[in-house]
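Following: one structure in structure tokens, then a few remarks.
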């Protein structure tokens, strides 16, 4: 037992050292503030932004999310994913919520977003807040708070969410296709995706842990199972026994079946994801890719061998950083009356 604790401590310090090598001095300070103090350093965002203008906003959101998750725990994963997809395109500005028009195809209709669900949750909450405090609470803030509360309600950590985001007026499908991390991406592509948003390699491996809840579609992994290199073969990085299990569920050309990202606990936010990945059972190629980089691999091994010793804390810190990406504040953007359309 003593040896295991010592190894865990060594692994933990090694991971932190490698992560901080990846950051600039200013980024190190920002991460330190977020982890140690739980506050945001993004200009224009602040804790309790609606304290005077809509004092019950956060409690209203929390209560409504609780009702939705109580009825359907599977909503937690898509609501978390929606916030992630929003922040990765034009920043956390609610642009993923906008409907397409006759002259523009919006992010919502880009291929990576066509499997998103939970828009009705956001619209219902927005409608309630408009009755309570018309024109005050942004859709972007609702998304950020809903993601936090959804994760916490299925066993995950909670985190501080500074508010004050404004809603964007632009949403372009082609930008979503170009900027969202792909389930087919290799580790270098993933690192580039995250770096472009000011997120570190540690954020990459930590936020990937969000796959501990939710499902994946068979059509996304079809090539991994049946035609990985164009020769009718299976991805050699996938555990053969697990590949055989997946083939029983996902037949060639299957466009409707879904499988759990974290088999056996896809409705519970835990640390099993890293054990799954360490065993070469990550569902997507992007999950398997975490074993192909020294920094991400060490983190996977650390969490899988220590029951997620730092995962909850790390996930909370990385979600704060994600929620700060490209925010509109002050006179920028607007407060939409309806989340699906600009004013």
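Placed from the backbone N, Cα and C atoms, the Cβ positions cover glycine too.
Copied over from TrEMBL:
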ACT_SITE  85  active site, proton acceptor
BINDING   86, 89, 91, 93, 95, 107  Ca(2+) 1 binding site
BINDING   181  substrate binding site
BINDING   211  heme b binding site
BINDING   212, 262, 270  Ca(2+) 2 binding site
DISULFID  54-133  disulfide bond
DISULFID  87-92  disulfide bond
DISULFID  139-339  disulfide bond
DISULFID  218-250  disulfide bond
DOMAIN    44-343  domain 'Plant heme peroxidase family profile'
SIGNAL    1-26  signal peptide
SITE      81  site 'Transition state stabilizer'
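Positions of the features from TrEMBL, shown on the structure.
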residue	record	Cβ neighbours (10 Å)
87	disulfide bond	27
93	Ca(2+) 1 binding site	29
95	Ca(2+) 1 binding site	29
133	disulfide bond	16
139	disulfide bond	30
212	Ca(2+) 2 binding site	27
218	disulfide bond	20
262	Ca(2+) 2 binding site	27
270	Ca(2+) 2 binding site	19
339	disulfide bond	22
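The shortest Cα-Cα distance from residue 218 (disulfide bond) to any of the binding-site residues (93, 181, 262, 270) is found for 262.
Surrounding the centroid of the Cβ atoms of 86, 89, 91, 93, 95, 107, where the record places Ca(2+) 1, the chain contributes additional residues within 8 Å, namely 85, 87, 88, 90, 92, 94, 96, 168, 171, 326. Under the three-state DSSP scheme, residue 339 (disulfide bond) falls in the coil class.
The two recorded residues residue 181 (substrate binding site) and residue 89 (Ca(2+) 1 binding site) have their Cα atoms spaced 10 Å from each other. In space, 212 is the closest of the binding-site residues 89, 95, 212 to residue 250 (disulfide bond), judged by Cα positions.
Long-range neighbours of residue 81 (site 'Transition state stabilizer') (same chain, six or more residues apart, CB within less than 8 Å of its CB): 116, 210, 214. Model confidence over the domain 'Plant heme peroxidase family profile' (44-343) is summarised by a mean pLDDT of 97.
Distance between Cα atoms for the residue listed as 'heme b binding site' and residue 262 (Ca(2+) 2 binding site): 7 Å, as a whole number. Recorded residues residue 107 (Ca(2+) 1 binding site) and residue 262 (Ca(2+) 2 binding site) have their alpha carbons 27 Å apart, per Cα-Cα distance. According to its DSSP assignment, residue 91 (Ca(2+) 1 binding site) is coil.
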